[in-house]
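Student: According to TrEMBL, the feature NADP(+) binding site maps to Leu7, Gly8, Tyr9, Gly10, Val11, Val12, Gly13, Ser14. Taken from TrEMBL, the feature domain 'Aspartate/homoserine dehydrogenase NAD-binding' applies to 8-123. The NADPH binding site annotation in TrEMBL covers Lys99. Summarising the annotation, TrEMBL assigns domain 'Homoserine dehydrogenase catalytic' to 131-309. The annotation L-homoserine binding site is assigned in TrEMBL to Glu184. The annotation active site, proton donor is assigned in TrEMBL to Lys199.
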Amino acid sequence: MVSIGVLGYGVVGSGVVDLLQKNGDKLRQKLGVDLNVFKILVKNLDKHKGRSPLLTNKAEDVIHEKVDIVIEVMGGIDPAYAYVKKALVMKKHVITANKDLVAAHGEELMALARENQVCFAYEASVGGGIPIIRPMTDSLAANDISQIAAILNGTTNYILTKMYKENMDYKAALQEAQRLGFAESNPESDVMGYDAARKLSILSTLAYDQKIDWKEIDVEGITHIDAQDIKYAKKLGCVIKLLAISKKKGDGIFAAVRPVMVSEKGPFGQIDNEFNGIMFQGDAIGEMMFIGKGAGKLPTASAVVGDIVHIVQNHKGKYGKVIVERKQPCHKWENPFQWMLRIKTDDRYKVMGSISELFSINNFMFDDAQDKGEVICVVEIENELSGYEKLRHLEAQGYIKGIKKIMKLEEIAS
Ligand SMILES: NC(=O)C1=CN([C@@H]2O[C@H](COP(=O)(O)OP(=O)(O)OC[C@H]3O[C@@H](n4cnc5c(N)ncnc54)[C@H](OP(=O)(O)O)[C@@H]3O)[C@@H](O)[C@H]2O)C=CC1
Ligand SMILES: N[C@@H](CC=O)C(=O)O
């Protein structure tokens, strides 16, 4: 029998316990052993009255001599970090879905796991139910990966889908994502793009064999996206997605998280709701995309239970390479792209004149009657640095009250 301690009984923790129960027979047949939940840690026992006799509010009941595998699905850094370290030192295998923890302390915890001859597995920390960590560490290891482009946050993708397809307002869509268990306990992490940046840092570190710190990734969230942006994106045959992109550029690495307008019919344009999509460019495999549910109870539990199976089948403490070399990513997009600009002004004609002088214009698209005080257009940009330089010139003209820009990509060029 394999004894499992679970830290956390929220969306993911309860999903893991339910899934182990639901598919217990099938797992027993596959593995030849029983998977038995020993104890489950929660913060507030009163909240869970009558739900399970295994609940406790004492961590030492879970990180216990009799336990073989500790599953950390509490979230946050404290006390999760201390609990995971304690479990590894006690030579327990550890599985986590906690990207905050993996992005901040992953390398140290992998090294500690190796030292103690146990596994530190984190499949659910990126892409929810999508198997992506093990493909990156094992199956795709023969490739030199040059680029990752991905939708990595289910909550923001759900919000943007609802705003686009059902004209739902941002706040209502966020509340729905919270109700469905997609959002973090502090959803700022989702909507400000930090969650996607953490996941991009985990994937990029594995892809490029150099530590990419999530705090050094250029991040823009979706809080400023409004119904007008969605309306203009639609007019252009586009949909707005929060994309996480990293790519090798000579000796450097570009890494950013941004809302981007992509073609409605393209590979990212069709990934809706809580689904994630992760596209790689490898020298042997070429382009490859993984799509699936990136958030939610059972999809995430599926990845956690997959890690249990992996540990039981291998049991050697080999899982997870330890990356020590650090790399600071650069933030500026170096390929041609377009910006949709929304410029607030009292003097539209002057602004249009200035834009025409500074930029090559693809399209002026505002509606005279509706879009009062705004000039809306799509302009061609050679690279981001030159684009910002031109914006500075535009702002210096004085009759501009504010500029909003959203990147538009025809394709994610390598
Ligand atoms: N939700 C999702 O779709 C996904 C989540 N994840 C990650 O999985 C982890 C868990 O997420 P989720 O299940 O949604 O979170 P929840 O907020 O739903 O659940 C957290 C659980 O941990 C318990 N907990 C939190 N802090 C403590 C503490 N200090 N001491 C004891 N127990 C504590 C809570 O106890 P109590 O119930 O008493 O409050 C609760 O049972 C997070 O790292 C998240 O980022 C990863 C992929 C997808
Ligand atoms: N809050 C996260 C949950 C999964 O990691 C998301 O919305 O993607």
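The backbone N, Cα and C atoms fix where each Cβ goes, and this holds for glycine too.
Because TrEMBL annotations are produced automatically, they should be read as predictions rather than curated entries.
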Student: Have a look at the recorded positions Lys99, Glu184, Lys199 and say which one has the shortest Cα distance to Val11 (NADP(+) binding site).
Tutor: Glu184
Student: For the recorded positions Gly8, Ser14, Lys199, which sit with their CB under 6 angstroms from an atom of ligand 1?
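Tutor: With ligand 1 as the reference and 6 Å as the Cβ limit, the list reads Gly8.
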Student: Please report the Cα separation of Ser14 (NADP(+) binding site) and the residue listed as 'L-homoserine binding site' in Å, rounded to an integer.
Tutor: 16
Student: Which of the listed binding-site residues (Gly8, Gly10) has the least company, meaning the fewest other Cβ atoms within 10 Å of its Cβ?
Tutor: Gly10
Student: Centre the Cβ atoms of Leu7, Gly8, Tyr9, Gly10, Val11, Val12, Gly13, Ser14, go out 8 Å, and tell me which other residues of that chain have a Cβ in range of the NADP(+) site.
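Tutor: Result: Val6, Gly15, Val16, Ile40, Val73, Met74.
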Student: Mind running the binding-site residues Gly10, Gly13, Glu184 against ligand 2 and keeping the ones whose CB falls under 6 Å of it?
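Tutor: Going through Gly10, Gly13, Glu184 in sequence order, those close to ligand 2 turn out to be Glu184.
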Student: Taking every residue in the domain 'Homoserine dehydrogenase catalytic' (131-309), what is their average pLDDT?
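Tutor: Here the predicted model's pLDDT, averaged over the domain 'Homoserine dehydrogenase catalytic' (131-309), is 97.
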